[in-house]
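A.B. asks: Per TrEMBL, the features are:
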- 151: active site, proton donor/acceptor (ACT_SITE)
- 11, 380: Mg(2+) binding site (BINDING)
- 18, 209, 210, 211, 212, 213, 284, 285, 286, 329, 330, 331, 332, 333: ATP binding site (BINDING)
- 94: substrate binding site (BINDING)
- 182: site 'Transition state stabilizer' (SITE)
- 242: site 'Transition state stabilizer' (SITE)
Ligand SMILES: Nc1ncnc2c1ncn2[C@@H]1O[C@H](COP(=O)(O)OP(=O)(O)O)[C@@H](O)[C@H]1O
Ligand SMILES: CC(=O)OP(=O)(O)O
Ligand SMILES: [Mg+2]
């Protein structure tokens, strides 16, 4: 029987479920394979690749099931066939909202699960997608340990005024505050920055995680001191289908003048707004960048305008800007977006080198830039695997 030393990591985002299988016997988790579970398609699909990107396994279901359970059965079956029965020791999950109670990873019990499920209204696009695999895997392999790793945990130390909303104080006592998200990505980037550019580790840094969801983190001495998402992952930047920061009067208008229900309004803000709403074409940055339509250009322009605007808000919290890091699907791959944001920040001394940006080099600032500008691919799965290894080593199991 194989040594039971592997952890399956599931990273359920708003537009995809990424997975990674890691061996956790050494000092750093080692990737065994990675892949994608695509349950959005009419025919749900699983693709597994080797660490170098060669396809190891691919399967497609003829029909979709409500909770994607078939795909989790497929991924567990693949792992057991390829890496040995009994090899899998635990499953680590990205859980988007940890609420006020969780400042670090925790083993999932029925009690923890119930608390996380109760947070669904604060992340309606994400929390059900993050929790569905927990339930499916619990039903398929009840003996497997499951561990929750939170997007909110990295921002847990945020303090007023950054964490505070200007509403009556009694609501803060009920937990209405800025939580922040994408923390597993920001944590990875903070750690990576300390390795690849230790001279920048103490600099005033803004990390721009630009993916289907998008947010910024103001980083001081490796810790989050401000972020653009708030109580929910709806705040801050323009996103694929989310509006980001908006005049709250618009919401009142929708409820009163458009006589929308709360459900309609939630759908409008989470699913119909952002790049999709403004372009009327797509939520996908790749599609918009190649479209010739004026509305696509305008959506892209608004995305970059708002991102640059919010970088200055983060720089204000940091009392300066010395380092800017791009990550996430758009941050890593869309050179046009990096250069558009850089141009809008020229007055802060940001200068991007066109050739370095085109080649997506790790460092893309020009020599005369007052701000170091880097592109660092994120790795939320590795962060989750590290947390799982720590939880398992501490023996903090249910
Ligand atoms: N080569 C590319 N050029 C422009 N945009 C890209 C490219 N590759 C991915 N993207 C964009 O990245 C976004 C998805 O980011 P990602 O971080 O993978 O999403 P998620 O939030 O689901 O994890 C999409 O808008 C996609 O169009
Ligand atoms: C929190 C969030 O917005 O996540 P994603 O980018 O996966 O949508
Ligand atoms: Mg993501």
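Cβ from N, Cα, C; glycine included.
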A.B. asks: So which binding-site residues out of 11, 210, 212 are up against ligand 2, CB under 6 A?
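C.D. replies: Cβ < 6 Å from ligand 2, in sequence order: 212.
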A.B. asks: Give me the CA-CA distance between residue 242 (site 'Transition state stabilizer') and residue 94 (substrate binding site), in Å, as a whole number.
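C.D. replies: About 20 Å separate the Cα atoms of these two residues.
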A.B. asks: Could you measure the widest C-alpha to C-alpha distance across 18, 209, 210, 211, 212, 213, 284, 285, 286, 329, 330, 331, 332, 333, the residues recorded as binding ATP, and give it to a whole number of angstrom?
C.D. replies: 19
A.B. asks: Filter the binding-site residues 210, 284, 286, 330, 332 down to those whose C-alpha lies within 10 angstroms of the C-alpha of residue 380 (Mg(2+) binding site); answer none if the list is empty.
C.D. replies: none
A.B. asks: Using CB under 6 Å from any atom of ligand 1, narrow the recorded positions 11, 94, 182, 210 to the ones that qualify.
C.D. replies: none
A.B. asks: Could you state the CA-to-CA distance between residue 11 (Mg(2+) binding site) and residue 94 (substrate binding site) to the nearest Å?
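C.D. replies: Cα to Cα, residue 11 (Mg(2+) binding site) and residue 94 (substrate binding site) are separated by 5 Å.
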A.B. asks: Looking at the recorded positions listed here (151, 210, 284), whose Cα lies nearest to that of residue 182 (site 'Transition state stabilizer')?
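C.D. replies: Looking at Cα distances from residue 182 (site 'Transition state stabilizer'), the smallest one goes to 151.
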A.B. asks: Where residue 94 (substrate binding site) and residue 212 (ATP binding site) are concerned, what is their Cα separation in Å, rounded?
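C.D. replies: About 16 Å separate the Cα atoms of these two residues.
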